Amino acid sequence: MHLLLWLLLLARLCRPEFICEVSKVTSQVEVNCDNKGLKALPPGLPGDTAILHLAENPLGAFSTALLGPLTRLAQLHLRQSQLTQLQVDGMLPRLETLDVSHNRLKSLPSLGRALPALTTLDASFNELVALSPGTLDGLSHLHELYLRGNKLKTLPPRLLAPTAQLRKLNLADNRLTELPPGFLEGLGELDTLYLQGNWLRTVPKGFFGDLLLPFTFLHGNPWSCDCEILYLARWLRDNSNNVYLWKEGVEAKATTPNVDSVRCVNWKNVPVHTYQGKDCPSPMDGGDMDYDNYDDEDEKLPGVEAPATRAVVSFSTHTKAHTTHWGLLYPTFAYPDHQMAYLSSTLELTEKQTMFPSTLGPIMPTTTPEPTTPPTTLEPTTTPTTPEPTTPPTTLEPTTTPITPEPTMPPTTLEPTTTPITPEPTTPSTTPTTPQPATTPTTPQPATTPTTPQPATTPTTPQPTTTPTIPELPTPPTTPEPTMPPTTLEPTTTPTSPTTTLILSESNTFLGIPELTSPCTTSEYPIVPSLVHLPEAHEVARGTSDSSRNHRLFNPDLCCLLPLGFYILGLLWLLFASVVLILLLTWAQHVKPQALAMATYTTHLELQWGKQVTVPWAWLLFLQGSFPTFRSSLFLWVRANSYVGPLMAGRRPSALSLGRGQDLLGTVGVRYSSHSL
């Protein structure tokens with residue numbers, strides 16, 4: 001018997017004891033082997049282990065293949081385990097958290113194939129110098145990545161591309177000197193970014209993209225305030241409530257914003273968001289700031305006018321089917337220093353037009369030249385019409401010429417006259433040309449017979465010594481109805497068909513212009529062929545201008561009288577309503593209440609009031625019978641209306657209405673709730 005006991009005791013001593021603590025938390029088995037001096041994975045781990053702690057053990061190296069039997073393992077903690085090598089040659093399909101912080105790892109293997117469900121990776125405070133581009137491949141469910149306290153100097157540009165669901169990124173306390181462009185691209189759910197304690201001097205333009213980033217830590221970097229920092233300075237101004245100062249042991253949500261913590265190292269230690277970069281090129285000077293567009297796209301930029309569209313119409317007055325050339329409606333932004341225009345490939349000539357802010361521009365036979373330059377003639381259009389060689393025309397329709405109004409006349413409707421142009425016959429040896437400025441010379445059409453140059457489409461050029469230049473009208477010119485008398489030509493000449501250039505303005509939208517009547521900037525627009533009929537265009541323009549001038553509603557006197565009339569009618573109506581209300585109140589005060597009241601009926605209800613009995617409270621404890629009954633008598637006056645007049649003669653208020661009865665009824669109601677009245 002004693003021998004058997006000794007054998008059992010010896011067998012127990014030979015069997016190794018399981019030194020880890022096993023507990024169950026929220027239906028998950030948790031095994032705690034922290035600080036047990038383990039150099040290898042302890043045997044006898046429960047197969048349903050979900051949380052395994054192996055921190056503060058001198059493991060040296062670790063392989064996930066040892067955890068193959070633990071199919072339910074969700075968390076693995078290897079903090080401060082003196083790891084120098086981590087192998088992921090065994091697949092853990094349910095592992096969500098891997099903590100290898102405070103070790104001696106110099107590189108990280110590719111984790112996506114062995115740990116497809118990983119959501120949190122903590123590799124802080126190791127000796128990582130660089131990361132391979134495929135380190136995070138396959139970690140599509142990764143939410144938190146902690147790489148703080150390493151020796152990283154650069155990062156692969158596409159390192160975070162596989163982690164589209166990343167929410168927290170900690171790169172603090174490294175040796176990063178630059179960040180790759182597009183590093184945060186595709187991280188739409190990123191809300192916390194730690195970049196403090198690095199060697200960053202600037203960030204690439206467009207680095208933050210359109211991310212919201214509610215919690216950002218950028219302090220502790222030697223930010224160099226020069227022209228390259230303007231992007232970060234503007235981003236800090238636009239997101240001043242999202243920049244925080246990190247404190248040890250304090251959650252990001254528990255801290256307060258501190259945008260002043262991001263400071264320049266070379267500019268008197270001022271906050272970066274206050275740096276304006278006065279000597280740096282601005283977008284208006286051709287510099288590319290590449291700012292993120294946080295505002296609306298239609299926001300007005302300084303010094304930029306709103307886009308406008310114009311159309312140039314060119315048609316022939318010689319043929320019945322008029323050919324029209326419409327300009328491409330390209331929007332143009334006019335800057336203070338220069339102008340930009342989008343030209344068509346078929347464009348042969350452009351003319352600087354003066355745009356007026358009118359919703360429907362009238363059809364003008366010509367454009368008003370600028371006051372500083374002499375009147376010029378237009379160059380020929382891309383599709384000039386040629387005269388018919390078989391039948392020489394007998395008459396030539398001249399071009400219309402608007403006459404400059406007299407200085408004493410107000411800028412009202414002008415009735416211009418027409419100046420017939422009679423081409424003079426020329427000899428074959430000479431070819432006359434129309435005098436034009438040196439900037440826009442006109443080439444006459446060559447012909448074997450004596451020809452005449454094309455008449456200009458602008459107003460006829462007067463002699464410089466007798467006629468001054470035509471000044472620019474202060475108001476948009478309207479299209480008058482020209483009268484065009486025929487002109488008989490010499491039989492020896494063959495006139496060419498003149499061309500007339502009209503300008504049809506489309507609906508223009510001008511943003512940021514204080515007065516709609518002020519002229520806008522000038523820009524150049526191309527010409528593209530189209531079709532239009534000259535007589536119809538003249539009739540539409542003339543009818544529009546005549547109807548707008550002759551309509552009664554557009555009379556300025558009538559427009560001013562209408563509000564005044566409505567104002568007077570409102571005062572009269574208010575006065576009438578006040579008088580009616582005063583009369584009603586006066587009549588109501590003089591009417592006697594007795595006249596309005598109906599007949600009064602009085603009904604007497606008498607209730608017998610029993611004898612009042614006083615019973616001490618002590619007796620009630622021993623009283624086995626029923627409680628005494630109390631009765632009250634009330635006098636009710638029933639009337640046809642709610643009006644209660646004075647008491648009639650011979651009646652006085654009873655004691656019940658003076659307070660005693662009210663106290664009595666209240667006492668009865670409280671003490672004896674079964675009593676009813």
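Cβ from N, Cα, C; glycine included.
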Among CYS20, CYS33, CYS225, cysteine joined to CYS264 by disulfide in Swiss-Prot | CYS225
Would you mind checking which of CYS33, CYS227 shares a disulfide with CYS20 in Swiss-Prot?
-> CYS33
Inter-residue Cα distance where the pair is CYS264 (disulfide bond) and CYS33 (disulfide bond), in Å = 48
Least surrounded among the disulfide-bonded residues, given as CYS33, CYS264, when other CB atoms within 10 Å are counted | CYS264
Give the helix, strand or coil assignment DSSP yields for CYS225 (disulfide bond).
-> coil
Separation of alpha carbons, CYS20 (disulfide bond) and CYS227 (disulfide bond) (Å) = 59
Using Cα coordinates, what distance in whole Å links CYS225 (disulfide bond) and CYS280 (disulfide bond)?
-> 11
Within 10 angstroms of the C-beta of CYS280 (disulfide bond), what count of other C-beta atoms is obtained when all protein chains are considered?
-> 15
Once the chains shown are all counted, how many other Cβ atoms turn up within 10 Å of the Cβ of CYS227 (disulfide bond)?
-> 13
Disulfide-bonded residues: CYS20, CYS225 - member with fewest neighbouring CB atoms within 10 Å | CYS20
